[in-house]
Amino acid sequence: MSDAFCSDCKRQTEVVFDHSAGDTVCSECGLVLESHSIDETSEWRTFANESGDNDPNRVGGPSNPLLTDGGLSTVIAKPNGGGGGEFLSSSLGRWQNRGSNPDRALIQAFKTIATMSDRLGLVATIKDRANEIYKRVEDQKSSRGRNQDALLAACLYIACRQEDKPRTVKEICSVANGATKKEIGRAKEYIVKQLGLENGNAVEMGTIHAGDFMRRFCSNLCMNNQAVKAAQEAVQKSEEFDIRRSPISIAAAVIYIITQLSDDKKPLKDISLATGVAEGTIRNSYKDLYPHVSKIIPNWYAKEEDLKNLCSP
């Protein structure tokens, strides 16, 4: 339900949408406020034919403003019966496939972004933002000859940053169909440059904080709720100190400290695998954090005497 102004009730009232008739009806007086409306969202009901093919949706997917004509098109389907109609339909279908589709490459790119997003468990808003970034880059007609997989992965990386749900380059790389971290990094710089030229100013990427990765990293290590809470508090306190390490490295080092103070200690190798940070980098970050552990680690999680049991770097 939603609210709309009813001319009979003379005020905002709740309205009901009658999908079968396409009418918007006032829930209080029954006045039809709008009739024969078209629902542009997907229709999930399917209508089977007798040919044994997959059930087609009668309306199909919602319109996509990034595609020509909103992505809406006419498809010549096979007839249910046999005879000459089937020959005519198949002939028309071949001609349709031969026709130029300006969005064919774009649709394939969007499918690839959707697949990568699904594999990383990203929300739809990030996928849509990545699609928008890719479309803007493609409209400039300057990306030919570049690694397509790296370009799409970089669009997804930037979208995650802009939606305040950052992922590490290594995480993006794991679903990038073979594109390397170096290639994705180059593609990211290229996209930022192109979009900056388009807008006339720098592209806002969003600020990365160590806490952005903490819950996911802890989940990868199957840490208990108490340890996760302590790690989140510790990484937040660490921002008060001038620790010149990347947020991801700080997150990994904090996890190492928290697990060393618990009964469920995690080997450095496991933390490295879960966070994508090299063991040597974690050690160096731990060395920088060590002088501040008494102020970083929550008192409810570890006492002063517990902190003395930590290994000196």
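Cβ from N, Cα, C; glycine included.
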Residues flagged as zinc finger in Swiss-Prot, choosing from 2-34, 101-133, 233-265: 2-34
Long-range Cβ environment of CYS26 (Zn(2+) binding site), under 8 Å and at least 6 residues apart: ALA4, CYS6, ASP8, CYS9, THR13, GLU14, VAL15, LEU33
DSSP three-state assignment (helix, strand or coil) for CYS9 (Zn(2+) binding site): coil
Same chain, 6+ residues apart, C-beta under 8 Å of the C-beta of CYS29 (Zn(2+) binding site), given in sequence order: CYS6, ASP8, CYS9, THR13
Near-site residues: Zn(2+), ref CYS6, CYS9, CYS26, CYS29, CB cutoff 8 A to centroid: SER7, ASP8, ARG11, THR13, SER27, GLU28, GLY30, LEU31, LEU33
